[in-house]
Amino acid sequence: MSFDRKIKIAPSILSADFANFGQEIQAIEAQGADWVHVDVMDGHFVPNLTFGPPAVKAFRPHVKTVMDVHLMITPVDPYIDAYAEAGADILTAHVEAGPHIHRTLQAIRAAGMKAGVALNPGTPAEAVEHVLDLADLVCVMTVNPGFGGQKFIDMTAKIRRLRQMIGDRPVHIEIDGGVDPGTAPLVAEAGADVLVAGSAVFKGGSVSAPEVYGQNMRAIRAAVEGVLV
Ligand SMILES: O=C(CO)[C@@H](O)[C@H](O)COP(=O)(O)O
């Protein structure tokens with residue numbers, strides 16, 4: 001996985017048809033997804049439950065781009081090796097999920113994955129200041145995590161601050177929650193390069209009408225065209 005700051009769209013399969021993940025992943029990739037975003041929730045760190053390592057392992061053969069796994073779980077450390085074995089390319093842990101994010105990011109890299117750190121809306125950018133050399137991605141939540149389809153919370157000031165703090169480091173800024181053609185330009189102009197979108201990509205489409213996924217992604221891309229991150 002090489003580093004670039006071009007805007008990337010990472011559809012969240014939380015909004016896909018849960019009875020049909022393999023075909024849904026193939027459909028979004030065929031329609032132009034740059035990454036595939038997988039939301040892991042434990043019913044404890046967030047009030048919802050989704051997938052564990054066996055499901056992520058089952059997704060792996062279908063993902064030809066980058067499997068971007070977002071852990072909304074606590075604790076994280078006991079499960080890092082399981083997600084490496086399941087085939088995650090990027091593994092993101094929340095800074096709020098435990099007292100030792102420094103150790104967690106080291107362990108994720110040691111397991112052979114790219115390391116991401118996520119920030120809830122109430123957490124300041126400074127919470128990750130001292131781990132930026134251990135991170136490949138900072139995920140800025142623009143909703144309180146747990147569910148798709150929520151209203152975007154404006155975190156542009158935090159994104160700008162992070163872009164400043166990151167400087168020349170090869171660290172992606174990913175935005176997660178409420179991203180659509182209306183909000184995407186705000187976060188891209190502030191310095192984000194990875195746009196996670198669930199409802200805005202999957203709405204109106206299906207594996208029988210995958211061209212709708214393509215239209216939805218093109219609408220997001222058109223909205224950020226010309227923005228240099
Ligand atoms: O992590 C999460 C929610 O916790 C997200 O990845 C959402 O799934 C994004 O969904 P939309 O807000 O785009 O519908």
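Using the three backbone atoms N, Cα and C, a Cβ is placed for every residue, glycine included.
Note that the structure is predicted; figures quoted are calculated from it, not measured.
The active site, proton acceptor annotation in TrEMBL covers ASP39. According to TrEMBL, the feature active site, proton donor maps to ASP176. Among the features that TrEMBL reports, substrate binding site is placed at SER12, HIS70, GLY146, PHE147, GLY148, GLY149, ASP176, GLY177, GLY178, GLY198, SER199. What TrEMBL records for HIS37, ASP39, HIS70, ASP176 is divalent metal cation binding site.
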Measure between the Cα atoms of every pair in SER12, HIS70, GLY146, PHE147, GLY148, GLY149, ASP176, GLY177, GLY178, GLY198, SER199, the residues the record assigns to substrate, and report the largest value in Å, rounded to a whole number.
17
Same-chain residues at least 6 apart in sequence whose Cβ lies under 8 Å from SER12 (substrate binding site):
HIS37, VAL38, ASP39, GLY148, ASP176, VAL196, ALA197, GLY198, VAL201
Quick one: which residues besides HIS37, ASP39, HIS70, ASP176 have a Cβ within 8 Å of the divalent metal cation site's Cβ centroid, in sequence order?
ALA10, SER12, LEU14, VAL38, ASP68, VAL69, THR92, CYS139, VAL196
Looking only at GLY146, GLY148, GLY178, which of these binding-site residues has the biggest number of Cβ atoms within 10 Å around its Cβ?
GLY178
So, three-state DSSP: helix, strand or coil for the residue listed as 'active site, proton acceptor'?
strand
Inter-residue Cα distance where the pair is HIS70 (divalent metal cation binding site) and GLY146 (substrate binding site), in Å:
11
Validating a neighbour-count step here. Other CB atoms within 10 A of the CB of ASP39 (active site, proton acceptor): how many?
24
